[in-house]
């Protein structure tokens, strides 16, 4: 997919920290969509990262993309003195990561069986601190995208630890959850066409039986569905039905979606889709890879999209997923969707859990927030 907009950057460089399934899925999606052509991959397992770099380089054979690995000693030759090593030509110092225009953080631990949330946070905090110390100095215009889970809390940490302006540090939030939500809504809007006619049914010796062909008359492009998941990228996520629309009409007014049971089922399906994936293949990667590639594209081409990103909210005094404008300078205004009383209660429940998890990190001084534009100042004034 080619991007028709002019780039807001001169030869933008994208660095991806963590070359597991998520990190390489981000890189691959960017390559396939021609989002960028200059990539740096970094992983604590440098040999594995080099292998991923070589594999991705092969996938970019028909493009002009340049993919390198950031390592502690870029001048070493693992194959011995004087022995040509294809990978050695693709190495750069770790400090090159900090000089990228966009830095994507995917590295981190998964929660181990029986491990407490606090212990997981402590381990991932150490990973973040270690990485940020190694890639210093970070270019002051760099934009840092957090993908490591729990993404809201990791974004909160990164805003405090990176030294970058707050508008240049955000998380992927509930962007993937929102895509799943809209996809589930789209499927619910497709009517089933049951017919006994010979034109639309199969026959057997016992006679005709029903077909379940989808009737495209009820279908709606999911990009036309204005509905968001907010708050938590996890079990406490909030599906915002009360202000969801298609072309200005409330989703809850559509016959297929007016039932509270249907709404509850769709919300549950959205929140638990990840378990359907991990039960079958241990981990997910392609979905978040595509989502983050779109966020990178929005920055490089200054698209000013609205996505539910992990951002700090003055209203909730927490870092959580809310619809936010994203462009070349990072995040712009945050939009607080109108919530029903029930949705607001669910949001407040998550905020309390979020603040409890972050209480240790709140003791230190928050980094100085950048000067707000007049537009954002007026917005914040209205919210207070």
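Quick reminder: no glycine exception, Cβ is built from N, Cα and C everywhere.
Automatic, uncurated: that is what TrEMBL annotation is.
Summarising the annotation, TrEMBL assigns domain 'Lactate/malate dehydrogenase N-terminal' to 13-75 (among others).
The DSSP secondary structure for residue 147 (NAD(+) binding site) is coil. Here residue 147 (NAD(+) binding site) comes close to 22, 26, 104, 105, 106, 171, 172, 288, 292: these same-chain residues lie at least six apart in sequence, with C-beta atoms under 8 angstroms from its C-beta. What TrEMBL lists as NAD(+) binding site is 18, 19, 20, 21, 22, 23, 43, 124, 147, 148, 149.
Feature annotation from TrEMBL assigns domain 'Lactate/malate dehydrogenase N-terminal' to 95-171 (among others).
According to DSSP, the domain 'Lactate/malate dehydrogenase C-terminal' (218-351) comprises 55 helix, 42 strand, 37 coil. Taken from TrEMBL, the feature domain 'Lactate/malate dehydrogenase C-terminal' applies to 218-351.
According to TrEMBL, the active site, proton acceptor annotation covers 233. In sequence order, 149, 150, 151, 152, 172, 173, 174, 176, 177, 310, 321 are the residues of the chain that are 6 or more apart from residue 233 (active site, proton acceptor) and have a CB within less than 8 Å of its CB.
It is 20, among the binding-site residues 18, 20, whose Cβ has the fewest other Cβ atoms within 10 Å in the structure shown. Maximum C-alpha to C-alpha distance over the listed NAD(+)-binding residues 18, 19, 20, 21, 22, 23, 43, 124, 147, 148, 149 is 17 Å. Non-local contacts of residue 43 (NAD(+) binding site) by the CB criterion (under 8 A, 6+ apart in sequence, same chain) comprise 17, 18, 19, 20, 23, 49, 52, 107. Broken down by DSSP into helix, strand and coil, the domain 'Lactate/malate dehydrogenase N-terminal' (95-171) contains 36 helix, 11 strand, 30 coil.
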